[in-house]
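Worksheet: one structure, shown below.
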Amino acid sequence: MIEAIGNQYVVARPVYSTKTFGEEFKKTHRHHKTFLDHLKGCCSCSSQKAKKIALSLFPIASWLPAYKIKEWLLSDIVSGISTGLVAVLQGLAFALLVNIPPAYGLYAAFFPVITYFFLGTSRHISVGPFPVLSMMVGVVVTRVVSDPNASSELSSSSTENDSFIEEKVMVAASVTVLSGIIQLLLGVLQVGFVVIYLSESLISGFTTAAAIHVLVSQLKFMLQLPVPAYSDPFSIFKVLESVFTQIQKTNIADLVTSVIILVVVFVFKEINQRYRSKLPVPIPIELIMTVIATGVSYGCNFEDRFGVAVVGNMSLGFQPPITPSVEVFQDTIGDSFGIAIVGFAVAFSVASVYSLKYDYPIDGNQELIALGVSNIFTGAFKGFAGSTALSRSGVQESTGGKTQVLEQLCCKASTVLMTGKPKPGGKRQPSWGLFHFSQVAGLLSAVIVLIVIVAIGFLLQPLQKSVLAALALGNLKGMLMQFAEIGRLWKKDKYDCLIWIMTFIFAIVLGLGLGLAASVAFQLLTIVFRTQFPKCSTLANVGRSNIYKNKKNYAEVYEPEGVKIFRCPSPIYFANIGFFKQKLIDAVGFSPLRILRKRNKALKKIRKLQKRGLIQMTPKGFICTSDGFKDSDEELDNNQIEELDQPINTTDLPFDIDWNADLPLNITIPKISLHSLILDFSAVSFLDVSSMRGLRTILQEFIRIKVDVYIVGTDDDFIDKLARCEFFDDEVTDSIFFLTIHDAILHILMKKDYSTSKFNSSQEKERKFDFTINTNGGLRNRECQVPVETKF
């Protein structure tokens, strides 16, 4: 019974062990599905299930019928044009990271948008080239394809052999297709949860390191230096060494142009960020600077006058699809898996931000399928792997903001279902007007890219590669600003801060592929470390009620005499059972095994004295009639060690032994005041078979020296597993489990007769232990209605 009294409550119930609770409240029988049941459910078919599968595979069918053309199309056109222009420029710029001609970046900016429009579940992300993925693909291209013209690659695009270019494009396309296949398989197998192994700290550190890689890789274009490509560990340092040893060969025209572009882009991006609430649309500074740079380069003939590297030939239209190389598949399976995981992790993270902001669901497995099909489709048409970029997604969202504002104002005024908020007594309806417009805007952005590919791409031929490099670096501001995460993480969680730092170091030193694998391994190692060395604590009563906290954190605490409460805040398994045992010994202040052995040794001596008649037991203690008795402690320790670990048996003696009293012949046994030990396992989620043996041994050692052990806070599955594994025996029984710490404490008080309430002899015979637990910490016997409360 629970009775509320103001801001306090009174609980009246019996003291429950897990066993007595189970006897009073019978559990209902639950049928747990087996693997065969799940398999039958997957293989079953119905019209409703078929419709559900179709809608999940093609989300467009669920929202397109609700699209309001007259109200939303104009805003989507504005958003699509802005996003499309940004996608064109980023496609050209990020193609340099892949080490292929810029024209192929347009394919990477076009094809993913088309497929994601039909298959994606996020309404706001803009799918296409992403600098980190482009860099990862470029590393693979550099490793697989040997460069026959490394020393003159940057002087002019005409110096590159056509077959060499085709080979690099083939490798990039094959890697993209393979990563798409991996994503598709993961989505079909419903293992979208794999992204949970990439924490936010890991992703932040990895993308920051990737930004540094991008920055270093673009130096050769900004300075126009013949820097060889490296793909092995420490490659970033080799590139820097090559750059600084050739710094005197810098093309001043490219350097000045790229610096001007970079400064202007950074300034206007800061303006867009600071005044985003006042600007109707972000200032398209990349487009403006590209138009200006292209016009100046063409009008002043920079290519001939200053020898700058330009985009060069931009063939109009699409190239025929290609068949991926199986040999490349075999050589790049590991790299492709990393690209697939990173691409999905980035896209899913950005999509999750928008889904929470606008309150609509996204499906991780369907996102994997959408990205996988997009990469397969893109790779088949000579594009390279993509994900999403925050800059494009931000443009797509912000330029469509008027639709959101109008819808929200309309909703506030008239409580229509568009808000997604339920009417009183009604069900929640999807708020289509708040998020579906951006998907159409994405499709319209692909139309802009299409126009550039088939009609006006040739206008970009005079554009300097250094301008594209500067634009690529301009999009790294957000990633480079993530260095500020180190200070914030250090204050919040030092483990996460360490993960960030080590991920950054691994990715910088080992490269992006090996660095990602090493970072994931290190992150998992920190989890093992946290559970292997948990912060165990000793609890005490706080406030004289049923609340128990770490006694080191509070000044006024109460510990029942002879009772120790020990808490373990992690799973117990083979790697930390030894640490758990040592921490428990430190908490109680003695080793139970050492006490057991000393008591058994003393018992052997007392038996010998008793057999020889040299010892007598009196009410005041032992009396020894001989002082000349000697025995070999060394013999007992070495030859009969197994006997010393057995339970203490005094049934053959005509008297009982008080181990805390003085023993004859100066037999010294450590005296212990502990009589009850409570183990708080409320945070122990599982126990493996190896640790079960260790735990049972620990419990037996305490029980054999007359220390009662109680385990509290476990769930039913925990105890069921112990029963299945034959954990219980004559010494360790299932009666040691209690629901809460307070239940165990009250049981100990009753068992040890520590009641301070005053009863007469008749009340003592008739009283029943049914306690009311008051918020002031009192215990009173309900049957006898004793007014005096028993406080701790």
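Note: Cβ is positioned from N, Cα and C throughout, glycine not excepted.
The transmembrane segment feature in TrEMBL is assigned to 77-98 (among others). Here the transmembrane segment (77-98) has long-range neighbours at 104-110, 113, 126, 128-131, 134-135, 137-138, 141, 172, 214, 217-218, 221, 281-282, 284, 286-287, 290, 311, 384, 389, 391-392, 395-397, 399-400, 437-438, 440-449, 452, 460, 463, 465, 468-469, 471-472, 475, meaning same-chain residues at least 6 beyond its ends whose C-beta is under 8 angstroms from one of its own.
Sequence-distant neighbours of the transmembrane segment (104-120) (same chain, 6+ residues past either end, Cβ-Cβ under 8 Å): 57-60, 87-88, 90-95, 98, 126-129, 169, 172, 318-319, 366-367, 369-371, 373-375, 377-378, 381-386, 439, 442-443, 445-446, 449-450, 452-453, 457. The annotation transmembrane segment is assigned in TrEMBL to 104-120 (among others).
Long-range contacts of the transmembrane segment (127-146) within the same chain: residues 87, 90-91, 94-95, 97-100, 105, 108-109, 112-113, 116, 120, 164, 167-168, 171-172, 175-176, 206-207, 210-211, 213-214, 217, 229-232, 235, 328, 331-332, 335-336, 338-339, 342-343, 346-347, 371, 374, 384-389, 392, 442, 472, 475-476, 479, 511-513, each at least 6 residues beyond the stretch ends and with a Cβ under 8 Å from a Cβ of the stretch. The transmembrane segment annotation in TrEMBL covers 127-146 (among others).
With a cut-off of 8 Å between Cβ atoms, the residues of this chain six or more beyond the transmembrane segment (169-198) that come close are 98, 100-101, 104, 137-138, 140-141, 144-145, 322, 324-325, 328-329, 332-333, 335-337, 339-345, 348, 363-380, 382-385, 520, 523-524. What TrEMBL lists as transmembrane segment is 169-198 (among others).
The annotation transmembrane segment is assigned in TrEMBL to 250-268 (among others).
Per TrEMBL, the feature transmembrane segment maps to 337-356 (among others). Long-range Cβ contacts of the transmembrane segment (337-356) within its own chain (Cβ-Cβ under 8 Å, at least 6 residues beyond either end) map to 121-125, 127, 130, 132-133, 136-137, 175, 179-180, 182-183, 186, 192, 194-195, 198, 200, 203, 206-207, 362, 364, 367-368, 371-372, 375, 385-388, 390, 393, 397, 435, 512-513, 516-517.
Annotated transmembrane segment per TrEMBL: 368-385 (among others), in sequence order. Nonlocal intrachain contacts for the transmembrane segment (368-385), taken as residues 6+ away from its ends with a CB within less than 8 angstroms of a stretch CB, comprise 57, 95, 98, 100, 104-105, 107-108, 110-112, 114-116, 119-121, 127, 129, 133-134, 136-137, 169, 172-188, 192, 318-319, 321-322, 324, 339-340, 343-344, 347.
The transmembrane segment feature in TrEMBL is assigned to 437-460 (among others). Beyond the ends of the transmembrane segment (437-460), by six or more residues, the same chain brings 60, 63, 67, 72-73, 75-77, 79-85, 87-88, 91-92, 103, 106-107, 109-110, 113-114, 116-117, 120, 123-124, 126-127, 290, 294, 311, 314-318, 396-397, 399-400, 403 to within a C-beta distance below 8 angstroms of the stretch.
Per TrEMBL, the feature transmembrane segment maps to 498-529 (among others).
TrEMBL lists 553-748 with the feature domain 'STAS'.
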Quiz item: Cβ under 8 Å to the transmembrane segment (250-268), counting only same-chain residues 6 or more beyond its ends: which ones?
Solution: 221-225, 283, 285-286, 289, 293, 302, 306-309, 464-467, 469-471, 473-474, 477
Practice problem: Please average pLDDT over the domain 'STAS' (553-748) for the predicted structure. | Solution: 85
